[in-house]
Amino acid sequence: MKQYPQPVHAMDEVDKEINFMLESGIISKSTSPYASPITVVMKKDGAIRLCLDFRKLNKITIFDAEPIPTLDELLGKMKGAKFFTKCDLTKGYWQIQMHEDSKAYTALQTTQGLMEFNYMPFGLSTAACTFQRAMLDSLGKLPFVVSYFDDVLIFSNAIAQPLTELTKKSSPNKIVWTPECQESWDAIKKCLTSEPIFKVPDPSKPFVVQTDASNNAIAGTLLQQHEGTLHPCFYASRILKDREKNYAMIELEMLAIIFAPDKFSKYLLMKPFLTQTDHVPLSFLKENKTCPCRDNDDDDDDDDDDDDDDDDDDDDDDKKKKKKKKKKKKKKKKKKKKKKNNNNNNNNNNNNNNNNNNNNNNNSNKNNKSQQRK
């Protein structure tokens, strides 16, 4: 592929980045027959990021099926944790060394000539899976660590002594704790301990689903008991569709009860749970055996533009009207066909009569001529 034109005002920064990668041993001079172009992307802080267009290389690269963990899987491992430490690896992909036979495929075009990567570059279709596999090999056996690509999260139920020691300075200088420091510390503690405090869901404990509805939206919360207090694990909500705004309040509250467990089904399936609502009239639904049913279209997100739901009687009337209209149309079509056929027959008869008249005229002319000859 041809080298992409680079912005003139970014050329100096591009050269600096290339020189840094050369000095760090990330890239080196290459004589590879392959070459991928680079492009420049501006960061929020005004710095540049060099991106490589490996599309052609990715098309012929063998797929890597290494599974990537989901958010739910990671949260499940952190149940009961109270303290978290987040680490973001700098240039994480550059920690993976390229195989000698694969370096030539990663060649890139620069203003300083053709280069190739000695360490894994960003942009390869297999880079994410390769890095995730390396993180699992390194940290996978540690029960208090989860990793998602180059983000590492360390969690525990209490602050470990080694981490506490790491916060102390090695110098003999003592920290002066001023009133301003205490005020800031108290404000931070208040923010961290004020309701609602999220908790990581624990599948071994029972769940509680609280629901609510208004004239504009429905919502639900998944909660669990922790130390005698209900704490939220997840929130879910959505606005009402146009047809649902015509529902009575008892119907909206029931709709919320249907909506919330469906959103939290991953944690509620095959396990009993408690549903809480503040709408007392719903408690009488079990006693009312004549309550009409309403179709639940809650999961059909693509039906927002459909017409409002009608009662069964109205639907039957509409069907009857449609049938009558169809019958009338069919009758009109039949009449038109008959008229056309009749007109065609009449035209044919007229043509035949004209032909007969012409023949008679010809015969009479012949007779007249013969008489004149005689």
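Positions of Cβ are set from backbone N, Cα and C atoms, glycine also.
What TrEMBL lists as domain 'Reverse transcriptase' is 42-161.
On the 0 to 100 pLDDT scale, the domain 'Reverse transcriptase/retrotransposon-derived protein RNase H-like' (177-273) averages 85 in the predicted structure. According to TrEMBL, the feature domain 'Reverse transcriptase/retrotransposon-derived protein RNase H-like' maps to 177-273.
Residues annotated as region 'Disordered' in TrEMBL: 288-374.
The feature compositional bias 'Acidic residues' is assigned by TrEMBL to 296-317.
Among the features that TrEMBL reports, compositional bias 'Basic residues' is placed at 320-341.
The feature compositional bias 'Low complexity' is assigned by TrEMBL to 342-374.
Counting residue by residue with DSSP, the domain 'Reverse transcriptase/retrotransposon-derived protein RNase H-like' (177-273) contains 38 helix, 27 strand, 32 coil.
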